[in-house]
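Chemist: Summarising the annotation, Swiss-Prot assigns signal peptide to 1-28 and lists sequence analysis as the type of evidence. Swiss-Prot lists 39-67 with the feature domain '4Fe-4S ferredoxin-type 1'. The [4Fe-4S] cluster 1 binding site annotation in Swiss-Prot covers 48, 51, 54, 174 and rests on similarity to another entry. According to Swiss-Prot, the feature [4Fe-4S] cluster 2 binding site maps to 58, 154, 157, 170, an assignment based on similarity to another entry. Among the features that Swiss-Prot reports, domain '4Fe-4S ferredoxin-type 2' is placed at 85-116. The [4Fe-4S] cluster 3 binding site annotation in Swiss-Prot covers 94, 97, 102, 137 and is backed by similarity to another entry. Among the features that Swiss-Prot reports, [4Fe-4S] cluster 4 binding site is placed at 106, 127, 130, 133, with the record citing similarity to another entry. Marked as domain '4Fe-4S ferredoxin-type 3' by Swiss-Prot: 118-147.
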């Protein structure tokens, strides 16, 4: 687990936008069957306890080697005085951007957005390990798999748990239910409802990436700047 200063912790996340939920107008409420799925995730920073069960489960289910990780939980410096201290935990992983720079720069088409789910993924048989996608990703969440020698990252367990009708490994493992996953194009889904009902933010939205990883901000420390 990474420990960093409050200033570095906040500045490293880039600019954020806070949003409050609003109801969709009647004309915008389309039948969910009219659209493909757009999977998204919410990380609740108030519920997360930094136990890293999500990281361990991801590593196990997706056979991620030691030394690399598809997701990280970053921990801030403590707020308050001992013994009444609290920590802020931040999930860092692929944002599954609707406008993904990694897809745009890939010379072989290995980096792609799955049309059925909106998940950003990698065709390992097409990847040549050029690392263009790693260089261009503003979230710094891609890496070269040390065994396959291809680009790798979180893919919401698309080829493991999701393929078997389960939730992503991190969601299933979280003991405090800090993660919510589902289809943003389904207005009845838990993730869609929560984005409308809770104050949420996404990181580096000013870059136009349209990330699909949302965060419910930590309420007990300093306000984000």
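Cβ coordinates come from backbone N, Cα and C, glycine included.
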Chemist: Are there residues at least six beyond either end of the domain '4Fe-4S ferredoxin-type 2' (85-116) with Cβ under 8 Å to its Cβ atoms? List them, or say none.
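Modeler: Same-chain contacts beyond the ends: 9, 13, 36-41, 43, 45, 48-50, 54, 70-79, 122-124, 126-128, 130, 132-133, 136-139, 141-142, 150-151, 153-156, 158, 179, 202-203, 208-213, 215, 218, 220-221.
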Chemist: Go through the binding-site residues 48, 127, 133, 154, 170, 174 and tell me which ones have a CA within 10 A of the CA of residue 94 ([4Fe-4S] cluster 3 binding site).
Modeler: 154
Chemist: Setting 106, 127, 130, 133 aside, what same-chain residues sit with their Cβ within 8 Å of the center of the Cβ atoms that define the [4Fe-4S] cluster 4 site, listed in sequence order?
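Modeler: Result: 102, 105, 107, 108, 110, 111, 122, 128, 129, 131, 132, 134, 151.
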Chemist: What are the other residues, in sequence order, whose C-beta lies within 8 angstroms of the center of the C-beta atoms of 94, 97, 102, 137 at the [4Fe-4S] cluster 3 site?
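Modeler: Not counting the recorded site residues, we get 95, 96, 100, 101, 103, 120, 133, 138, 139, 141, 142, 153, 209.
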Chemist: Kindly state the mean pLDDT of the domain '4Fe-4S ferredoxin-type 3' (118-147) in the predicted structure.
Modeler: 98
Chemist: If one measures from the C-alpha of residue 174 ([4Fe-4S] cluster 1 binding site) to the C-alpha of residue 58 ([4Fe-4S] cluster 2 binding site), what distance in angstrom results, rounded to a whole number?
Modeler: 11
Chemist: Just how many other Cβ atoms lie inside 10 Å of the Cβ on residue 154 ([4Fe-4S] cluster 2 binding site)?
Modeler: 27
Chemist: Which chain-mates of residue 54 ([4Fe-4S] cluster 1 binding site) that are at least 6 residues away have a CB under 8 A from its CB, listed by sequence?
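Modeler: Within the chain, residue 54 ([4Fe-4S] cluster 1 binding site) has Cβ neighbours under 8 Å at 71, 73, 91, 169, 170, 171, 173, 174, 179.
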Chemist: Cα of residue 137 ([4Fe-4S] cluster 3 binding site) to Cα of residue 58 ([4Fe-4S] cluster 2 binding site): how many Å, rounded?
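Modeler: Rounded to a whole number, the Cα-Cα distance is 21 Å.
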